[in-house]
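Trainee: The structure is given below, and queries will be raised subsequently.
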Amino acid sequence: MPKRTDIQSVLVIGSGPIVIGQAAEFDYSGTQACRILRAEGLRVILVNSNPATIMTDPEIADATYVEPITPEFVEKIIAKERPDALLPTLGGQTALNTAISMHEQGVLEKYGVELIGANVEAINKGEDRDLFKGVVEAVRAKIGHGESARSVICHSMDDVLEGVETLGGYPVVVRPSFTMGGAGSGFAHDEEELRRIAGQGLTLSPTTEVLLEESILGWKEYELELMRDKNDNVVVVCSIENFDPMGVHTGDSITVAPSMTLTDREYQRLRDIGIAIIREVGVDTGGCNIQFAVNPDDGRIIVIEMNPRVSRSSALASKATGFPIAKIAAKLAVGYTLDEIPNDITEKTPASFEPTLDYVVVKAPRFAFEKFPSADSTLTTTMKSVGEAMAIGRNFTEALQKALRSLEKKGSQFTFVGEPGDKALLLEEAVRPTDGRINSVMQAIRAGATPEEVFEATKIDPWFVDQLFLIKELADELAAADKLDPELLAEAKRHGFSDVQIAEIRGLREDVVREVRHALGVRPVYKTVDTCAAEFAAKTPYFYSSYDEESEVAPREKPAVIILGSGPNRIGQGIEFDYSCVHASFALSEAGYETVMVNCNPETVSTDYDTSDRLYFEPLTLEDVLEIVHAETLAGPVAGVIVQLGGQTPLGLSQALKDNGVPVVGTPPEAIHAAEDRGAFGQVLAEAGLPAPKHGTATTFAGAKAIADEIGYPVLVRPSYVLGGRGMEIVYDETRLESYIAESTEISPSRPVLVDRFLDDAIEIDVDALYDGEELYLGGVMEHIEEAGIHSGDSACALPPITLGGFDIKRLRASTEAIAKGVGVRGLINIQFAMAGDILYVLEANPRASRTVPFTSKATAVPLAKAAARISLGATIAELRAERLLPANGDGGTLPLDAPISVKEAVMPWSRFRDIHGRGVDTVLGPEMRSTGEVMGIDSVFGTAYAKSQAGAYGPLPTKGRAFISVANRDKRSMIFPARELVAHGFELLATSGTAEVLKRNGINATVVRKQSEGEGPGGEKTIVQLIHDGQVDLIVNTPYGTGGRLDGYEIRTAAVARSVPCLTTVQALAAAVQGIDALTHGDVGVRSLQEHAEHLTAARD
């Protein structure tokens, strides 16, 4: 039946900041849905607090609210916009939980808003573990297959301890209700572990409910993606098999689509169970994902869980099959049925045809354990990966090897040279699942392990183990051959070996292997993803490489621009860079170019087949990019390759591309070197007469000590050429400097360590600007709230700046122009300054799109990334002003006085990591970046904007209750005024003895509490950590002492994370929070859409 006519406007809830377990895939699905709903003529209202997303661009929805996703704020938006319906299934767990709580509070009923896409009953049946158990039992009664693991529901610690007895002892699995990414879940092997995991699970579950179940470790794990409409048509979009057996969260496992090791009968059985479940739960206007465990010994099937919403797996399934689940879910939600929706890719077949694949897809996760040295790297049922890469091949080995090299991590590809090591040790290592387990398995095979031994140790299915043996046999053949002949080379390529691996095995250079390969005529062809195994013609060019016979790349007339994406998400290089690539693609298509996107990240908008004219789903290595350029050169004219938008990954390829004769447009490789290389950049600054903090480079401890002695401590030490501040540290004395140099393994004359003077108490400033060779456009000036020394990606910042005057902006503009000119930038540049005393120091310059571009663009209502792409291809700022792509006059440095103030706050993944003893990871910020995402708060005054940013990132600031203060000596003076403000707002202050003394002398009363190290008092007085755990503290201010992680502070901050109490670790954040608390208690906090803000800014500019 056709579209419903009673719905005129829809509110879509996004997923908020990127956290582990809920990443860019929801931006992809939300963007798809908003476009579809608007195309259907509905008014779309969107709420999402994350500015780095495409979906929060003003052109995607009719009214875009960058506001915290909390029931209070969403209610304000509903009251203002009065939508007819609410679609909550595209924003992950955040959106689902918000919608459910608004339904329960009666808000939806009060304003007459209908929930579409999933009804409350279906959501509860899918999410509530007890109800879902009932669903599985009902299905078993009907079709005779499928069961749940034996389990017990618990609401308290006593229930939990009894439950273990019922299930027959340890190990048991703990799973909380209504959480995502496996938060709070885990395997408990004894009582101590059980108390820890279940205690955290009860806290995290919004319904204080956990499920204990029998352990099914080592079983095979599968997933099905299904869709159902209200006429009861069901399609199975895709089957996915996990390479790792049960016990590793599916988001952390290598996964394969379609599933490889199921017999036809087993697959039909899973299908039958899946279809029966989606009917029983009652999902009738959308998609869902169901996870199964199969016992390899007797084939017993257990249904683990389902998600009645668009999930991480559905983004993967969409990219793997070309079947756009989110788009179709949005159409089903407004009344269409599957047989009425055409398949975009073939245009001939309806969405009720199930996709069939004539290729294999492998997804590999990307981790960031190097950022949290104390974290436990064992993989469990709690998701820990921060990103993923996907690859497509004609067989499993090709897809697997391509996926591993797409991860761009040292040591992620299989290596076949050097001694493998001891077989017994390697097999023992492979028992514990970690992010490098597949490499340990390969080394064990090289050391002589048998397939049976590998299976015993890892429980990885024998078929997969056999495939690993196949790869190893080919490597042996490559090593033993007299010379590389075309047959052997082609065979190696068909199994996914890269030129780098072949060169390593043969003891040659990569470029020599490539020359031989080209001379022998061994080159890849490109195949199309067409959803139907080539039964119908595909209308959308979505390619993957393979060493096959015929190429499917069609010739074209228009000049092509190849945009290199940013690869898998990781800390320091996330969705913000994808945002710039997508914008470039839109802008260049409009300007008449054929846009070609190269990327391997399945979560993103850039790898959607309708973002660019052609999409290559390929690894971002030199070899793969050169082959794509070659294929596109044969198809028609190539204007050039853009490397400045995808972060550090494509930037690192620019020189090599140029050396291979590929035109790099925009900022040339020489300019990138001038900004990245310390010596060259120092020269640019010297010529422009700009001060930088005193610095030097060293390759030994003696050299570093000499520099530090001359500059004076504290110093900032870091390796060269890194993104996200990897390996940076503030060093306060000589002994720590010595151990830092000793721990840094990668020091060499070509990669020295940089030693800078560290500016204490300086204001850090970030500038994003455009330069076309003649004119500078200042995009925005951001003032950091935390002091210099905290990585800019982790610091909160305000735009327009809140304490800088007109004169300061003039100086910033002149310095930025001098640097852009001196470096030779064409397009975007990001510069970090520090203001200490009255001197403006230059910290560093990045000749590329930075992670603040989306935030700056939204705060000033100017599409910077679009403008940068046009400048790369020769447009001038004057021309873009004439086209109104940039404002006709003024720029981000001359914003009107009543411009709204935007605050960006970083979101950290502390709660996901534990060390091996189960303790938390310390939450102190430093020069190494650790945040996974960001939120934005926007309002007419700073206090409210800051309060909104905190509510969006960590939950609302408290407006009453007890505040605990304990600060380092250097912070005691600056803490007095904010502390007095807190008392004025009616807070009761708690403090440790030293801080309480200073407060008392200044006339502020504070109750003294005991430190953790002092233990309980004689009368049973609790320590501060116990008070926090008992929920008796509402706000914590705790600044660390030097770099020594004094245990007191560590214990306090870890307790704060466990109980979700706001914890401020700098005095600057405290001062901002006080302004926020003030704004919350005095004013009525309103909401305005980005479109209203933009209208206001444009009117003021003209």
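Just so it is clear, glycine is given a Cβ too, placed from its N, Cα and C backbone atoms.
The following feature annotations were taken from Swiss-Prot:
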- 1-408: region 'Carboxyphosphate synthetic domain' (REGION)
- 138-334: domain 'ATP-grasp 1' (DOMAIN)
- 409-551: region 'Oligomerization domain' (REGION)
- 552-954: region 'Carbamoyl phosphate synthetic domain' (REGION)
- Arg718, Arg757, Leu759, Glu764, Gly789, Ile790, His791, Ser792, Gln832, Glu844: ATP 2 binding site (BINDING)
- Gln832, Glu844: Mg(2+) 3 binding site (BINDING)
- Gln832, Glu844: Mn(2+) 3 binding site (BINDING)
- Glu844, Asn846: Mn(2+) 4 binding site (BINDING)
- 955-1102: region 'Allosteric domain' (REGION)
Trainee: Taking DSSP as the reference, which of helix, strand or coil describes His791 (ATP 2 binding site)?
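Mentor: Note: His791 (ATP 2 binding site) is coil by DSSP, not helix or strand.
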Trainee: Whole-number Å distance between the CA of Leu759 (ATP 2 binding site) and the CA of Glu844 (Mg(2+) 3 binding site)?
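Mentor: With the alpha carbons as reference points, the distance is 14 Å.
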Trainee: For the region 'Carbamoyl phosphate synthetic domain' (552-954), what's the mean pLDDT in this predicted model?
Mentor: 86
Trainee: Distance between Asn846 (Mn(2+) 4 binding site) and Gln832 (ATP 2 binding site) at the Cα atoms, whole Å?
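Mentor: It is 9 Å, counting Cα to Cα.
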Trainee: Calculate the distance in Å between the alpha carbons (Cα) of His791 (ATP 2 binding site) and Glu844 (Mg(2+) 3 binding site), and round it to a whole number.
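Mentor: That separation, Cα to Cα, works out to 12 Å.
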Trainee: Do you know offhand how many angstrom separate Arg718 (ATP 2 binding site) and Glu844 (Mg(2+) 3 binding site) by C-alpha?
Mentor: 13
Trainee: Validating a neighbour-count step here. Other CB atoms within 10 A of the CB of His791 (ATP 2 binding site): how many?
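Mentor: Taking all protein chains shown, His791 (ATP 2 binding site) has 20 Cβ neighbours within 10 Å.
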Trainee: C-alpha of Glu844 (Mg(2+) 3 binding site) to C-alpha of Gln832 (ATP 2 binding site): distance in Å?
Mentor: 5
Trainee: Please list the DSSP helix, strand and coil residue counts for the region 'Oligomerization domain' (409-551).
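Mentor: Split into helix, strand and coil, the region 'Oligomerization domain' (409-551) gives 73 helix, 10 strand, 60 coil.
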Trainee: Could you give me three numbers for the region 'Allosteric domain' (955-1102), the DSSP helix, strand and coil residue counts?
Mentor: 75 helix, 19 strand, 54 coil
Trainee: Please report the DSSP secondary structure of Asn846 (Mn(2+) 4 binding site), reduced to three states.
Mentor: strand
